[in-house]
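Participant: I'd like to ask some things about the structure below.
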Amino acid sequence: MGKKQTRSQFPKGFYWGGAIAANQAEGAYLEDGKQPSTADIKSRGFFGGLRRDADYYPTHKAIDFYHRYKEDLKLFQEANFNIFRTSINWTRIYPTGEEDNPNEAGLKYYEDLFKEAQKNGITMMITISHYETPLALIDKYGGWDNRKFLNFYLKFVKTIVTRYKGLVKFWLTFNEIGNASVVPICWDAAGIDPNSDNLQQRMYQAAHHQFVASSLATKMIHEIDPNAKVGAMIAYKTVYPYTCKVEDVKAAEASKRKEYFFSDVQARGYYPSYIWRYFEENNIHVKMETGDEEIIRQHTVDFLTFSYYRSRVVSADYEEPAEKTSDSLEGLVNPHLPKTDWGWTIDPDGLRLALNELYDRYQLPLFVVENGLGAKDKVEEDGLINDDYRIDYLAGHIKAMREAVADGVDLKGYTMWGPIDIVSNGTGQMSKRYGIIYVDLDDNGNGTGDRVKKKSFEWYRRVIESNGDIL
Ligand code: BGP
């Protein structure tokens, strides 16, 4: 008889692995028919601005996952991964978004990748749109606030889901969908130029189109591949009021609702009552077509996934700076928590709170699909990379997940962010590393690109082997 599972253990069959995004890893940005995407004109991450005349674009080369994926998947298998999350670069399949027929070379690439994963015993989770819309579509039609994007997206979804039926178990419709309403990430999430007029209006109109697109995609995926599951993906930052002043608590609640808006629509199937006042006060008029509300109501997601890196504090007296930088995105400083080199708070308990709040609110299965520590790593003279700080970070968060499971949360899996070092989305740097596997490249793309296991590699391998018992 097997050992009985205790309350504070991860369930049997728990998914353990890692997550990346195509544009941050693949490189080969114009190979085999691919055309540029919104990611490919970011000269140095989203804080470097959008430029078409810069000397360096990190995503053009990235870590060459495009050519080296077999080697990388082998390493993931060696680390005991049973799940891997990546995205499909839309511009490999429909290079300008408007072709009648998909690009076979792009389709074949992902087919080979998914089959290779399957061979290694790894289940695929795919983000359909992870910050990489065809640039040609944006140039011609603006961003996702244009309703035309719905059909371009659905054509893409139909093609990939039909082709990869049986190879992909979990589909996520949009990465961190709420970032369609956040400056400057609205560019990444919805192709909205953060410098445009009527920004709020444009961002929420774009979000509406993504809601409808996501629901129609959910319907389509269920019809094409009944064994596949469809999830929403949000960025979650646990919110604390700065003080117990009622004003701060109210401000914190309002801020939370701005985040919850997106998962409320996707999980519950309707616009929550609280959003109308926000729209009115900010002069936002979301245009809906007849049938949109019905579509959103009928096709809610099967499960909810989220990224969790940090918590935030909110005060009624603190005004967000108009000009955002990597540091100011963090907002007010929580004096009780340590921070990363990039000023992000380290707060494992915040993850336990997040899991409880989300499960309580939706009663849907949950996945933590991004979590990790961006840090500068040092290669010692003997070639070792002793990233004990990363082990501490991950161990703390896995422990917090274990507590949440003991609290009764239905948690299905964990994919740490960037198991192999990739280009940072925010800064465009290679030196902001998340991996348990080191990649020998610097911020200008110089280096051999060789892969080296860090100390955390063996640690994570054993964590997975013990199903999270040994941390
Ligand atoms: C999330 C994105 C990822 C990833 C991560 C880490 O918001 O979904 O694409 O990049 O953040 O952020 P960064 O790369 O800026 O450190």
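Backbone N, Cα and C atoms are what each Cβ position is placed from, and that goes for glycine too.
The active site, nucleophile annotation in TrEMBL covers GLU370. For 432-471, the entry in TrEMBL reads domain 'GGDEF'.
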Participant: Please give me the CB contact count at 10 A for the residue listed as 'active site, nucleophile', counting all chains in the structure.
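Facilitator: For the residue listed as 'active site, nucleophile', the 10 Å Cβ neighbour count is 26.
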Participant: How does the domain 'GGDEF' (432-471) divide up by DSSP, counting helix, then strand, then coil residues?
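Facilitator: Helix, strand and coil residues of the domain 'GGDEF' (432-471) number 11 helix, 7 strand, 22 coil.
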Participant: Can you tell me the mean pLDDT for the domain 'GGDEF' (432-471)?
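Facilitator: Result for the domain 'GGDEF' (432-471): average pLDDT 97.
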Participant: Which secondary structure state does DSSP assign to the residue listed as 'active site, nucleophile', in the simple three-class scheme?
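Facilitator: In the DSSP reduction, the residue listed as 'active site, nucleophile' maps to strand.
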